Amino acid sequence: MFSRFIYRRSALVAGAAFVVTAALTGCSAGASTGGNSTVGDSSGSAAVEEAPAEAVAAPETPGLNVPVTVGAFEFTALSAADAGTTVGAEPFTQTAQGTYYQLDLKIMNVGNDSQTFIVNYVTLEDAEGKSYDADSSASLYAGGDAQTWLAAINPGNAVQGPILFDIPAGVTPVKLHVSDNMFTDGTAIQLG
């Protein structure tokens with residue numbers, strides 16, 4: 001968990017440094033072109049032409065039942081619901097520290113090689129931006145025959161089943177983050 005946190009933060013710092021460098025390079029390149037970027041007026045002063053600013057629309061976050069491709073995996077969040085405080089069938093049960101939140105997820109391999117999906121590739125986010133890891137044991141007990149907590153998936157094949165998160169009672173999850181590895185944030189899927 002801690003190493004994943006360090007890796008994510010390092011990637012964030014590196015990305016921020018790249019954006020700042022690109023912005024500064026772009027600003028200085030535009031200032032030193034020496035091209036005809038001014039228009040003279042009758043008073044002899046120069047006015048800089050400004051291009052009209054275009055509004056950039058934020059990309060829409062996909063929701064339930066919308067396939068999202070990340071690397072070699074195509075994820076489809078089929079449903080999301082509170083699953084109570086206990087999962088499994090006697091004698092194999094597990095009780096949550098808070099309450100279980102269940103996501104039914106379909107994971108398809110759209111790549112050319114066999115891929116292994118691990119439940120750690122998905123995280124849940126609440127309205128305050130707090131992140132929750134999946135509970136592999138609870139996902140195992142709740143899955144029955146559909147074992148999505150760990151699966152080797154050949155090209156063109158898919159697995160489908162529950163992934164559970166142990167979250168505090170009263171927390172409302174708003175996003176699921178899906179990835180093809182444990183070291184990136186991946187792509188968000190809106191839950192509500």
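Even glycines carry a Cβ here, placed using N, Cα and C.
According to TrEMBL, the feature compositional bias 'Polar residues' maps to 33-45.
Annotated compositional bias 'Low complexity' per TrEMBL: 46-56, in sequence order.
Using DSSP to sort the residues of the domain 'DUF4352' (64-186) gives these counts of helix, strand and coil: 11 helix, 71 strand, 41 coil. For 64-186, the entry in TrEMBL reads domain 'DUF4352'.
What TrEMBL records for 33-56 is region 'Disordered'.
Per TrEMBL, signal peptide is recorded for 1-22.
When pLDDT is averaged over the domain 'DUF4352' (64-186), the result is 94.
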